[in-house]
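Per TrEMBL, repeat 'TPR' is recorded for 14-47, 56-89, 98-131, 140-173, 182-215, 224-257, 266-299, 308-341, 350-383, 392-425, 434-467, 476-509.
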Amino acid sequence: MRLKTLPEDHPSLATSYNNIGGVYDNMGDYSKALEFYEKAFKICEKALPPNHPNLASSYNNIAGVYHNMGDYSKALDFSEKALKIREKALPSNHPDLATSYSNIGEVYNKMSDYSKALEFYEKALKIREKALPPNHPDLATTYNNIGLVYDNMSNYSKALEFYEKALKIREKALPPNHSNLATTYNNIGVVYNNMGDHSKALEFYEKALKIREKALPPNDPDLATSYNSIGVVYNNMGDYSKALEFYEKALKIREKALPPNDPSLATPYNNIGVVYKNMGDDSKALEFYEKALKIREKALPPNDPDLATSYNNIAGVYNAMGDHSKALEFYEKALKISEKALPPNHPNLASSYNNIGGVYNNMGDYSIALEFYEKSHQIFEKALPSNHPHLASSYNNVGLVYKNMGDYSEALEFYEKALKICEKALPPNHPNLATSYNNIAGVYHNMGDYSKALEFYEKSLKISEKALPSNHPSLTTSYNNIGTAYFGKGDYSKALSFLEKALSILQKSLPPNHPNIKTVKNSIDYVKKKM
C-alpha cells in the first residue's frame with residue numbers, strides 16, 4: 001500500500017524497502033537485497049541530516065549483504081561509514097556503537113586480520129561491560145566472538161577462556177534447551193577438535209546435539225550442523241563408517257529443508273567426499289566433490305571462496321591419483337578466485353600457493369615447488385602469529401622438498417623449525433607433533449641412521465597411540481616406518497612384528513584391494529624371505 005499511496009521519497013517508504021531488503025537477504029538473494037537497501041538509503045540520504053542514526057542503519061544493512069556475499073572490502077567500507085555516523089551522533093557507551101565495532105571485528109576476522117578483529121571486538125566488549133548487566137546475552141555474544149578469533153589464531157587456551165565466559169552467562173540467562181547454549185557447546189567442541197582432543201570434542205558436540213534434538217524440528221539446519229560436526233570428529237579419528245553415518249544424517253536434513261541448489265547442500269556432499277578420499281576411494285570422492293561443485297557454481301558468485309574450496313578438493317584427488325596436469329588445472333582455478341577475492345596476505349592465498357607447490361614437488365620439479373612454498377611462507381609470516389601451526393606446515397613442506405632432493409641437512413633444518421613451533425603451540429599429544437617427529441625420523445632413515453630414525457619414529461608413535469583410536473589408519477604409518485627401520489638395522493623379527501601390526505589395521509579400515517594393503521603385504525613377504 002505504501003508504494004502506491006506515498007510520494008517516492010517519503011521516509012516511511014525507506015522502512016518498507018529495508019524490510020523487503022531484509023527478506024531477500026535472509027533468502028540469500030543478495031542482488032535483490034542490495035537493490036531494496038539502496039532504495040531505502042537514497043530516501044534516507046535526501047530526507048535526513050548527514051549524521052542521522054537511520055543513515056548509519058542503512059549503511060549497516062548494505063554492509064551486511066556484502067559480508068554475506070564474501071565481499072569483505074565492500075563490507076568494511078560500509079561498516080566504517082555506519083561507524084563514523086554513530087561515533088558523531090551517539091554517546092560513547094551507546095549499544096549501537098558496540099554493534100558497529102562488533103560488525104567491523106567480524107569482517108576483519110573473516111579477512112584473517114586477527115589483531116584488527118580483536119581490537120574492534122574488545123571495543124565492543126568495553127561498551128557492553130559498562131552498559132549491560134553482567135549476565136546479558138549480548139555480552140555472551142561478544143565473548144563468543146573473541147573466542148572465535150583466538151580459535152582462528154590457534155590460541156586454544158584463550159579461545160576456551162572466552163567461550164567458557166560465554167557459556168557461564170548463557171547457562172544462567174537462558175533456558176536449558178536454548179539454541180545459543182547449543183552454539184556455545186558446539187564452539188567449545190570445535191576448539192577441542194582443533195587441539196586433537198577428539199573425546200572432549202565429541203562430549204561437547206553431543207551436548208549441543210541433545211539440545212538441538214529437543215528444541216528444534218527434525219529438519220532444522222542447525223541439527224544438520226551438529227551431525228556434521230560429529231561427522232568431522234569421527235573422520236579425524238579414522239572411524240570412517242561413523243563419519244559417513246553422521247554426514248549422511250546432515251545431508252538428509254538439508255535435502256529436505258533446502259532448495260536443490262542451496263549452497264548449504266554443498267557442505268555435506270563435500271564432507272562425504274573427504275571421507276571417501278581418506279578411505280582411498282578416489283572415484284567416490286570425486287563424485288561427491290563434483291556434486292558440491294555443481295551446486296556452488298550455480299548458487300554462488302564466481303569469486304566466492306567456497307568455490308575455491310571445491311576446486312582445491314577436486315585438485316587434491318587428481319594429485320593423489322597422480323594426474324598432475326588435472327590437479328594443477330583445478331588448483332589454478334582456486335588460486336584465481338583467491339587472488340581476486342582476498343587481500344594479498346590472506347592465509348587462503350598461501351594455502352593455494354602451497355597446494356600448487358605440492359603438485360610440483362610430486363612431479364619432481366623441486367625448484368618450482370620451492371618457489372610456490374616460499375610464496376606461501378611469506379604470506380603466513382606476515383599474516384599469522386610466529387607460533388601458528390600453519391607456519392610449521394610451511395616449514396614442513398620446504399623440508400619435504402629438500403628431503404626429496406637428497407639435501408638432508410637442509411631438510412632437517414626446516415623440519416626442526418616446524419617442530420619448535422609445534423612444541424610451543426600445540427598440546428603435547430597433538431597429531432601434528434607426531435607428524436613433525438615422523439618427518440625428522442624419515443630424514444634420518446634416508447641417511448641410513450636407523451637408531452636416530454627409530455628414536456623419532458617412537459616419539460611419533462607414543463603420541464599417535466595416545467591421541468588416536470587403536471585402529472586409526474595414521475597408526476599404520478608409524479608401525480610401517482618402524483618396521484622398515486628395524487629392517488634397515490637387520491632386526492627382521494621386530495620388522496615383521498611392526499609390519500603385521502600395520503597390516504592388521506589397514507585390513508580393518510580400508511577396502512581389501514587398496515594399494516596400501518598390497519604394499520605392506522609385499523614388505524612382509526620380503527622380510528620373511530630375509531629371515
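Keep in mind that glycine also has a Cβ here, set from the backbone N, Cα and C atoms.
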Here the mean pLDDT of the repeat 'TPR' (182-215) is 94
For the repeat 'TPR' (98-131), residues assigned helix / strand / coil by DSSP: 31 helix, 0 strand, 3 coil
Stretch winning on C-beta pairs under 8 A with the repeat 'TPR' (350-383) (pool: 14-47, 98-131, 182-215, 308-341) is 308-341
Structural state census, the repeat 'TPR' (350-383) (DSSP three-state): 31 helix, 0 strand, 3 coil
Which sequence positions outside the repeat 'TPR' (56-89), separated from its termini by at least 6 residues, show Cβ-Cβ distances below 8 Å to it? 14, 18, 21-22, 25, 28, 30, 33-34, 37-38, 40-41, 44, 50, 96-97, 99-101, 103-104, 106-108, 110-111, 301, 303-305, 341, 343
